[in-house]
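J.: Provided herewith is a single structure, encoded as structure tokens, for subsequent inquiry.
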């Protein structure tokens with residue numbers, strides 16, 4: 001999971017106040033999941049057949065070569081469809097009057 005925070009400060013264009021600042025803060029969180037396998041097992045004979053594996057399950061612990069191989073179908077993680085869910089949270093504080 002990746003988390004990023006951005007803080008922006010913007011000066012108000014109001015001529016009545018000399019220094020009025022607005023603060024906007026936002027953070028984004030991404031969650032990556034690998035779902036059904038899309039490897040064509042019949043490509044070498046000119047056909048199309050997938051194995052029916054519905055979700056990637058790592059065959060080993062994180063950081064090893066086996067973590068990139070699916071325990072269910074034996075394919076590399078890249079053959080599984082990547083699904084990215086991103087959540088963005090923005091906070092706004094108005095300028096002081």
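We count from 1, first residue shown onward.
Keep in mind that glycine also has a Cβ here, set from the backbone N, Cα and C atoms.
These figures come from a predicted structure and were not determined experimentally.
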J.: Taking 1-28, 29-56 as the choices, which stretch does TrEMBL tie to region 'Disordered'?
T.: 1-28
J.: Helix, strand, coil residue numbers for the domain 'ZF-HD dimerization-type' (34-83) per DSSP?
T.: 10 helix, 12 strand, 28 coil
